[in-house]
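Asker: Sharing a structure here in structure tokens format.
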Amino acid sequence: MECADYFIGSGRRCSPSTSTSTSREAWRPEKQWRKATNVIRGCHRLLRLGVLSAAAGIMRRNPSYVEIKVHDEGELDVSSGGDGEAPVAFTVAADDESFKGLVKNKREDCFRLLGGGAGVAAVLASGAERGIRGDDADVARRKKAFGSNTYPKPKPKGFFRHVWDALADVFLIVLLVCAAVSLAFGIKEHGIKDGWYDGVSIFLAVFLVAAVSAVSNHSQGKRFDKLARESENIMVSVVRAARRQEVSIFDVVVGDVVVLKIGDVVPADGVFLDGHALQVDESSMTGEPHPVEVDAVKSPFLASGVKVVDGYGKMVVTAVGTDTAWGEMMRTITRENTDPTPLQERLEGLTSSIGKVGIAVAVLVFAVLTARHFTGSTRDEQGNALFDKRNVTFNAVFSGLVGIFQQAVTIIVVAIPEGLPLAVTLTLAFSMKRMVRENALVRRLSACETMGSVTAICTDKTGTLTLNQMKVTEFWVGADRPRSAAAVNGGVVRLLCQGAGLNTTGSVYKPDNVSPPEITGSPTEKALLSWAVEELPMDADALKRKCKVVRVEAFNSDKKRSGVMLRDAATGAVTAHWKGAAEMVLARCTVYVGADGAARELGVEQRRKLEQVINDMAAASLRCIAFAYKQVVDGGDSDNAKIDDEGLTLLGFVGLKDPCRPEVKSAIEACTKAGIAVKMVTGDNVLTARAIAKECGIISGNDDDAAGVVIEGHEFRAMSEQEQLAIVDNIRVMARSLPLDKLVLVQRLKQKGHVVAVTGDGTNDAPALKEADVGLSMGVQGTEVAKESSDIVILNDNFDTVVTATRWGRCVYNNIQKFIQFQLTVNVAALVINFVSAVTTGRMPLTTVQLLWVNLIMDTMGALALATDTPTAGLMRRPPIGRAAPLISNAMWRNLAAQAAYQVAVLLALQYRGFGGAGAGERANGTMIFNAFVLCQVFNEFNAREIERRNVFAGVHRNRMFLGIVAVTVALQVVMVELLTKFAGTERLGWGQWGACVGIAAVSWPIGWAVKCIPVPERPFHEIITARRRRRRST
């Protein structure tokens, strides 16, 4: 695309249209006419350059255009922006592609022809101070012309794809083949009227299992997709109608003026408008790790997806969505993230081991049944041999083998606990959905599991332990504490207004003289600006007109201060202002001013008194901020000059109060009871940090005197690695810390065997968030870089939500253990019953359809029932579960063995002795065994709800899902036994037989209660056995 295309819009014409109204002719702004004239002159220049012919060719091929209309000022209800120009309306007659390649292809020549960033903004009916109009109609027109800021996502699996995946299981395929063979032989032997039952029954059973699995997977997939969309919906700061506001990244449109600060991710392609020391990390696009400085001359382009690492600025959006370089790359990505979580990987190993046992049993059963069948030992209900050795035919041999093979394969299907991965998916999906309701958005699935094993939490103070509702409660000018600003010299007040109102990333917007001002920015900036507006008082608009910002040094956690250089519009005098941590700023001051405006030398005694003022504020849990300034002699003309921060004049201090959250003390107590150490890592003064830690309950009066409990960052940095390892467990508070200190603290804790969770909100917290086992970013104050580096986003910035996430992490692990115990009980009982019965009687008590039904209720229904339990209070009264802890605990082995032994004993007794006397037939007896076995699993679901506690009914009334699944299972079992007799191979039972089945199943409750009275060692059984073997060998 030629440069002309950008100006005339790929054959589109820029046509200034004027109003014909004469009533407003007298006050039409001249700048609007000047803009229209500049557009026309630009077109004439392009004619002279000889490029219009190419543009005309494009115009003939594509006659659509963008039309910029300059309206009368009175026609718009938007006030003029600070750039002195009235907003212009943006009208689009057709699709436009003028700006799509400007940033993607880095067309600097076209950028210059358009007049730089301001020219691009003007063509897009926008401006640095006013932005776009931003009403619904304007946004809709821009979306229609340039598209929306969204990327195509890989199409999620449809329901039938899930069905297909479920049917792709090799053992289900074998069963389908066996069903087809059985159907063919059945029809051949018994005719189509009676011969289709067995084959079709197996077909239906297999498809039912696949359908239920598909429904579950499909619903969980949709839930995960919804959570993924929520995690991608970040808020972006834009200027619309001369007001700064937050909009969804999906609502950013071409022409929007985006405000960028440290930690932001650039939401779309755009060009630089204005700013100071703006640097971005383009490694996501180019792979280069070094920051790139962005300015209006050398590097004006900002690509979607890059991260701001320093400074701040504004950009005008030129392309969105798939028209950006990032969007083009995202369009090519179609692979879904299917990486298993650590728990899923461990469960796959367990499933594989159990599957091998099942296959071995199935092979033995096949061998035994084959031998008994072809020796004539297997007989039907009338006592006749199923295989007649005297009349051997191919059909008889093949049919017999298929039937036996079908039963053996069914044993494998039942034995392999395929419900374990489903249970993990279900409990993760359920937990993630509930966690979002409780303000914890999970970005990585593995974090859900890992939170259950956390032993140490390194948390920030501001906004996490405190309310983040800062307010100035103390004000000092030098060593004086005036009652109000009226008692302070006017020159000092003017300098304080400059320091508070212009050395800031916040903003003050006053829509009219009646409404209160709207203040935006970080909580600290908002508190300082509110104080300046209300107390000094400060006129933000007048201040911006009187002073021009020459240079800015943004605040970062290393310097703990920010600076700005201002030039007075009237006199040309240049002043440097600094604001930041009081002791840091005071250390660079040599002079201070009093309330009377007189400057005094800062001697040793006076410095000590001012330090005491700072300490008194800190001891009162106040954050102390100092203001200082310096007259710049050289005028700050050098482009690369740093703002001088030596020999400053102290203006004063303000103390900001940020109260602790009312619920944080109980949350920290809960962590202590749960065996989790809470460590506060803050950049605040050590006295402030200690006071807040005592208020929150992180340290007590006794702890305060212990060595290393409260430490400053520089002390920790000065230690050797061995010294750090020796003290790291004792640390409860680290004050005046740097992001590097937090990173090292996490590393040392992990070296000591801790599972570490870290909270963070700044860009510099990203390394610690990534290093931690679980990184938790703040959703309100956290930067986008911090959120991208984290595993969980705390949506309300509240420490109590961190504890909630820990509780849910433990619940995930606990629910999985419940299901493992339940399913292995079914697996063991089914394998032993079928194997023993096959060896001793030559037949299996449960048919293929019955076994598939058992597989359905234990794999899917059981997972649904047990994977949706909510956290209990008892979870936070036990120590964390180690990452290396076995999935099956000693208590689970105890419960499993007791229940499986009971089921095997009672069902084998039914198999051998029968029920109901001599009148009961073999089919009725098989139905009793099937019915009792299924009901045993239903009753055992209640036992599985609690692994340690004897009261298995605690809180069951609150779990409607569990009760619903139990009710549905019982209802379907009644249907299977009483109505689908042909399909299930059952016989209708009488009331007495049903009562007997329920009684047999109900005995599992007292057995479960009694067996939990038997103590088991904490140490895993396999470790005890291994240790004993080693001792025997050594002796």
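Cβ atoms here come from the backbone N, Cα and C positions, even for glycine.
So Swiss-Prot lists these for the protein:
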ACT_SITE  Asp460  active site, 4-aspartylphosphate intermediate
BINDING   Asp761, Asp765  Mg(2+) binding site
CARBOHYD  Asn391  N-linked glycosylation site
TOPO_DOM  1-166  topological domain 'Cytoplasmic'
TOPO_DOM  188-194  topological domain 'Extracellular'
TOPO_DOM  216-348  topological domain 'Cytoplasmic'
TOPO_DOM  370-395  topological domain 'Extracellular'
TOPO_DOM  417-818  topological domain 'Cytoplasmic'
TOPO_DOM  840-845  topological domain 'Extracellular'
TOPO_DOM  867-887  topological domain 'Cytoplasmic'
TOPO_DOM  911-919  topological domain 'Extracellular'
TOPO_DOM  941-960  topological domain 'Cytoplasmic'
TOPO_DOM  982-990  topological domain 'Extracellular'
TOPO_DOM  1012-1035  topological domain 'Cytoplasmic'
TRANSMEM  167-187  transmembrane segment
TRANSMEM  195-215  transmembrane segment
TRANSMEM  349-369  transmembrane segment
TRANSMEM  396-416  transmembrane segment
TRANSMEM  819-839  transmembrane segment
TRANSMEM  846-866  transmembrane segment
TRANSMEM  888-910  transmembrane segment
TRANSMEM  920-940  transmembrane segment
TRANSMEM  961-981  transmembrane segment
TRANSMEM  991-1011  transmembrane segment
Asker: Given pairs 6 or more apart, does the transmembrane segment (396-416) have at least three Cβ pairs under 8 Å with the transmembrane segment (961-981)?
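Answerer: As far as Cβ distances go (cut-off 8 Å, pairs 6 or more apart), the transmembrane segment (396-416) and the transmembrane segment (961-981) do not touch.
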Asker: Which residues of the chain, 6 or more past the ends of the transmembrane segment (819-839), have a CB below 8 A from one of its CBs?
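Answerer: For the transmembrane segment (819-839), the far contacts come to 350, 354, 357-358, 361, 364-365, 368-369, 411, 414-415, 417, 419-420, 423, 427, 845-846, 851, 854, 858-859, 862-863, 866-867, 887-888, 892, 895-896, 899-900, 903-904, 907-908, 911, 933, 936-937, 940-941, 944, 947.
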Asker: Might you list, by sequence position, any residue in that chain lying six or more from Asp765 (Mg(2+) binding site) with a Cβ less than 8 Å away from its Cβ?
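Answerer: Those within reach of Asp765 (Mg(2+) binding site), by Cβ under 8 Å and sequence separation of 6 or more, are Pro739, Lys742, Val758, Ser777, Ala786, Ser789.
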Asker: Run through the Cβ atoms and count how many others sit within 10 Å of the one on Asp761 (Mg(2+) binding site).
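Answerer: Around the Cβ of Asp761 (Mg(2+) binding site), 27 other Cβ atoms lie within 10 Å.
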Asker: Just the number: how many Å between the Cα atoms of Asp460 (active site, 4-aspartylphosphate intermediate) and Asp761 (Mg(2+) binding site)?
Answerer: 8
Asker: So, by DSSP, how many helix, strand and coil residues make up the topological domain 'Cytoplasmic' (867-887)?
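Answerer: Helix, strand and coil residues of the topological domain 'Cytoplasmic' (867-887) number 5 helix, 0 strand, 16 coil.
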Asker: Counting only pairs at least 6 apart in sequence, do the transmembrane segment (888-910) and the transmembrane segment (920-940) share 3+ Cβ pairs under 8 Å?
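Answerer: Yes, since the transmembrane segment (888-910) and the transmembrane segment (920-940) share at least 3 Cβ pairs closer than 8 Å, they count as touching.
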Asker: Restricting to the same chain and to residues at least six past its boundaries, which positions have a Cβ under 8 Å from a Cβ of the topological domain 'Cytoplasmic' (941-960)?
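Answerer: Distant contacts of the topological domain 'Cytoplasmic' (941-960): 814, 817-819, 821-822, 825, 862, 865-866, 868-870, 872, 874, 889, 891-892, 895, 899, 966, 1004-1005, 1008-1009, 1012-1013.
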Asker: In the same chain, which residue numbers or ranges, 6 or more beyond the ends of the transmembrane segment (991-1011), come under 8 angstroms Cβ to Cβ?
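Answerer: Long-range Cβ neighbours of the transmembrane segment (991-1011): 894-895, 898-899, 902-903, 906, 915-916, 924, 928, 931-932, 935-936, 938-940, 942-943, 950, 952.
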Asker: So, by DSSP, how many helix, strand and coil residues make up the topological domain 'Cytoplasmic' (1012-1035)?
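Answerer: Tallying H, G and I as helix, E and B as strand, the rest coil: 14 helix, 0 strand, 10 coil.
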Asker: For the topological domain 'Cytoplasmic' (867-887), what are the same-chain contacts with Cβ under 8 Å, counting residues 6+ beyond its ends?
Answerer: 342, 346-347, 350, 423-424, 426-427, 430, 434, 450, 452-455, 670, 673-676, 755, 803, 806-808, 810-811, 813-820, 945, 949, 954-955, 958-959, 961-962, 1020, 1022
Asker: Under DSSP, is Asp765 (Mg(2+) binding site) part of a helix or a strand, or is it coil?
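Answerer: Once the DSSP labels are grouped into three classes, Asp765 (Mg(2+) binding site) ends up as helix.
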Asker: What are the DSSP helix/strand/coil residue counts across the topological domain 'Extracellular' (982-990)?
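Answerer: Here the numbers are 3 helix, 0 strand, 6 coil.
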Asker: When DSSP states are grouped into helix, strand and coil, how many residues of the topological domain 'Extracellular' (840-845) land in each?
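Answerer: The counts are 2 helix, 0 strand, 4 coil.
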Asker: Under an 8 Å Cβ to Cβ limit, what residues of the same chain, 6 or more beyond the ends of the topological domain 'Extracellular' (982-990), are close to it?
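Answerer: The answer is 197, 201, 204, 847, 849-850, 853, 921, 923-924, 926-928, 930-931, 976, 997.
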Asker: Would you count the other CB atoms within 10 A of the CB of Asp460 (active site, 4-aspartylphosphate intermediate), including those on all shown protein chains?
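Answerer: Excluding its own Cβ, the number within 10 Å is 25.
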